[in-house]
């Protein structure tokens, strides 16, 4: 299954880089783009649950938080690679970027797909999953069984992490457009901020995963949630005033400290909500629920709020409300 989801995600990403323009094929271009993004979403939905649960189920006793945080490090690693790539192509003239420059990151991604596929083919199933498979306790209708047996856990998994998904996409996606269009910062400056914050998060995510094994996942998550709810106020204030060094400091605090406090232990927390038999399905349903209501909505709501109010304070209040 993990090989299938990896290929779905990777091939769809590569094909986006080959997509003909609207001038070439008309309305079919955006339709194909939406379809490819849909395939990407299906792939990553199954990929995340399987990857993190495999790590957690291979973990020694008392190390689930640390082991489960390793797949989570893929997010800052991906941000580092993507921002480096876009920093390289951002220097192109506008005509060149629109003609072919934007395609480069999507096409290069096929190399990472090959690396991921090689690793996937070398990994064995977790001991817990293998025992369940041998005993014949696998569910024939895992989605139905998960919803029927663990409705509260699925809602909890989705609801508790909406703030993480919502704030994450504001920090790594919306803020680029806001900083350049509304605040007048250069694209290269804000991309550099994202690059540095992602590099710090690459190390803090496993650190907080390990810390959750000692102090508990709930404690760490609650501290991180409070920090996320408050950190957007100084961050957007610094962006509005063009104080790029303070933008860097507050962005690191938001992404690499407070958000990482919840994101590092997330895999272990999800795994502990469900039994082995339905763990993959239950965790994936919770993940997709938070993605729909958090990640998908965050930048849209932020854009609408700023358009309606003309102030970033409304965005910060939205983040605070999501944290509550």
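Every residue, even glycine, has its Cβ placed from backbone N, Cα and C.
What TrEMBL records for 1-324 is domain 'Major facilitator superfamily (MFS) profile'.
Per TrEMBL, the feature transmembrane segment maps to 6-36 (among others).
Annotation source TrEMBL lists transmembrane segment at 73-92 (among others).
Counting residues 6+ beyond its ends, the transmembrane segment (104-123) has Cβ neighbours under 8 Å at 2-3, 6-7, 9-11, 13-14, 16-18, 54, 81-82, 85-86, 88-89 in the same chain. According to TrEMBL, the transmembrane segment annotation covers 104-123 (among others).
Annotation source TrEMBL lists transmembrane segment at 154-177 (among others).
Taken from TrEMBL, the feature transmembrane segment covers 189-208 (among others).
Listed by sequence, the residues of this chain that lie at least six past the ends of the transmembrane segment (220-237) yet keep a Cβ under 8 A from its Cβ atoms are 160, 163-164, 167, 170, 178, 208, 211-212, 246-247, 250-251, 253-254, 257-262, 264-265, 269, 312-313, 315-316, 319-320, 322-324. The transmembrane segment annotation in TrEMBL covers 220-237 (among others).
Annotation comment: TrEMBL describes 243-270 (among others) as transmembrane segment.
Taken from TrEMBL, the feature transmembrane segment applies to 291-321 (among others).
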Highest-contact recorded stretch vs the transmembrane segment (189-208), from 73-92, 154-177, 243-270, 291-321, CB pairs under 8 Å: 243-270
Positions whose Cβ lies under 8 angstroms from the transmembrane segment (291-321), at least six residues beyond its ends: 45, 158, 161-170, 173-174, 178, 182, 228-230, 232-233, 235-237, 239-240
